[in-house]
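> Input: one structure, supplied below.
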Amino acid sequence: MTPLRKTNPLMKLINHSLIDLPAPSNISMWWNFGSLLGACLILQIVTGLFLAMHYTPDASTAFSSVAHITRDVNYGWIIRYLHANGASMFFICLFLHIGRGLYYGSFLYLETWNVGIILLLATMATALMGYVLPWGQMSFWGATVITNLLSAVPYIGTDLVQWVWGGYSVDNATLTRFFTFHFILPFIITALAALHLLFLHETGSNNPLGISSQPDKIAFHPYYTVKDILGLFLLLLMLMSLVLFSPDLLGDPDNYTQANPLNTPPHIKPEWYFLFAYAILRSVPNKLGGVLALLLSILILAMIPALHTAKQQSMMFRPLSQLTYWLLVMNLLTLTWIGGQPVSYPFITIGQVASVLYFTTILVLMPAASLIENKMLKWT
């Protein structure tokens, strides 16, 4: 008798995506992050839903409603910290997932890669708006600084900022609309993730060797379901360690002070996962130039397939390209560190050098390394 999963229309869909899916036999733990991102998304939606039941998106009560969740709601503290630190885990998995794609040449699956970039932008927008909701000092001033970047748009900039704010400053109208978008965007992200998977299953997964895996495939279940569950447990171990031992490690102490438009914090900075882009923004003295550099630091990912000059897909057997890749990783870590430092010497100079190096590595060094490798292997 044919199993139900192969006959029922709904079960058939799940079966083809998660159970009988033919997968390459040699994919490593680096291929775990897709499923971990799915788990993070579910966690964020569930915890966010429970937080939304008790949160009030009003400038006069938002801060105290978060305090109420932490103090008075049953297990409110763990729901809140799971949501806040879950976002950090989400971005760690996201960066590792993108890093894997860059290293193993997964960006050559254009549709999947482009939907992935849209997913990254949507996730960043969601996280930014979520950071505003507790209505602490860093929430308020972070929102003010980041939304103010729109004023750099020529001619319509000021009108654009006031349109986003819903007034002449970040206030109640801003908070209400940010809450609305923060609530709806994760569901849009879920739809985009389904699209991401749809495009991926059109081509099949890449593998570390960067060669065709058509001759040698295995069923996704039980081999990769077990592997993914192991990854999930490791992720939960990290997340729960963070939540239960040092829940405020990645947060900002200023956010425990209620938003005050008359008092500016000494160092305004976004959450840690935006610091690399923030450092690039601050490195350009001109406002419009800074905003363009900020946008390009993310959108440059869309140019990666066009900059691929190598004759091999994966970097596994390309030592020069590996060198440029790890240079890029170190550079991003440097930018993240600089983004959290005050705007003073020597941090300004380090930030500017790192920003130039970031774009140079992607636009010049990586394609050049690939061309040299082609010559060395006589693959011209």
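First residue shown is number 1, and so on along the chain.
Glycine is treated like the rest: Cβ placed from N, Cα and C.
Heads up, here are the entries from Swiss-Prot:
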BINDING   His83, His182  heme b b562 binding site
BINDING   His97, His196  heme b b566 binding site
BINDING   His201  ubiquinone binding site
TRANSMEM  33-53  transmembrane segment
TRANSMEM  77-98  transmembrane segment
TRANSMEM  113-133  transmembrane segment
TRANSMEM  178-198  transmembrane segment
TRANSMEM  226-246  transmembrane segment
TRANSMEM  288-308  transmembrane segment
TRANSMEM  320-340  transmembrane segment
TRANSMEM  347-367  transmembrane segment
> Would you kindly check 178-198, 288-308, 347-367 and say which stretch has the most C-beta pairs under 8 angstroms to the transmembrane segment (33-53)?
178-198
> Would you mind reading off the Cα separation of His201 (ubiquinone binding site) from His83 (heme b b562 binding site), to the nearest angstrom?
30
> Would you kindly list the residues that approach the transmembrane segment (113-133) from elsewhere in its chain, counting only those six or more residues past its ends and only Cβ-Cβ distances under 8 Å?
55, 57, 62, 66, 87, 90-91, 94, 98, 101, 106-107, 139-140, 142-143, 146, 174-175, 178-179, 181-182, 185-186, 188-189, 192-193, 195-196, 199, 270-271, 273-274, 298-299, 301-302, 304-305
> Excluding the flanking five residues on each side, which residues at least 6 beyond the ends of the transmembrane segment (77-98) place their CB within less than 8 Å of a CB in that stretch?
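Counting only partners 6 or more residues beyond its ends, the transmembrane segment (77-98) has Cβ contacts under 8 Å with 30, 33-34, 36-37, 40-41, 43-44, 47-48, 50-51, 66, 69-71, 116, 120, 123, 127, 130, 235, 238-239, 242-243, 247, 250-251, 271-273, 301.
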> What same-chain residues lie close to the transmembrane segment (320-340): Cβ under 8 Å, and 6 or more beyond its ends?
99, 102-103, 269-270, 272, 274-280, 282, 310, 347, 350-351, 354-355, 357-358, 361-362, 365-366, 369-370, 372-373
> Six or more residues beyond either end and a Cβ under 8 Å away: which residues meet both conditions relative to the transmembrane segment (288-308)?
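Here the qualifying positions are 98, 102, 105, 107-108, 110, 113-114, 117, 120-121, 124, 149, 152-154, 276-278, 280-282, 355, 358-359, 362-363, 366-367, 370.
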> So if I exclude everything within five residues of the ends of the transmembrane segment (226-246), which remaining residues of that chain have a CB under 8 angstroms from its CBs? That is, six or more out.
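Non-local partners: 29, 32-33, 35-36, 39-40, 78, 81-82, 85-86, 88-89, 93.
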> Taking only same-chain residues 6+ apart in sequence, whose CB is under 8 Å from that of His196 (heme b b566 binding site), what do you get?
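His196 (heme b b566 binding site) has long-range Cβ partners Thr112, Val115, Gly116, Leu119.
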> Taking just the CA atoms, what is the gap between His83 (heme b b562 binding site) and His97 (heme b b566 binding site) in Å?
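Cα-Cα, rounded: 21 Å.
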> CB neighbours of His97 (heme b b566 binding site) within 10 A?
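The answer is 20.
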> Round to a whole number and give the Cα-to-Cα distance in Å for the pair His97 (heme b b566 binding site) and His182 (heme b b562 binding site).
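That separation, Cα to Cα, works out to 23 Å.
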> Going by a 10 angstroms cut-off between Cβ atoms, which of the binding-site residues His83, His201 has the sparsest surroundings?
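Counting other Cβ atoms within 10 Å of each of the binding-site residues His83, His201, the minimum falls on His201.
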> Sort out the sequence-distant neighbours of His182 (heme b b562 binding site) for me: same chain, 6+ apart, CB within less than 8 Å of its CB, listed by position.
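When sequence neighbours closer than 6 are ignored, His182 (heme b b562 binding site) has Thr126, Met129, Gly130, Leu133 within Cβ distance under 8 Å.
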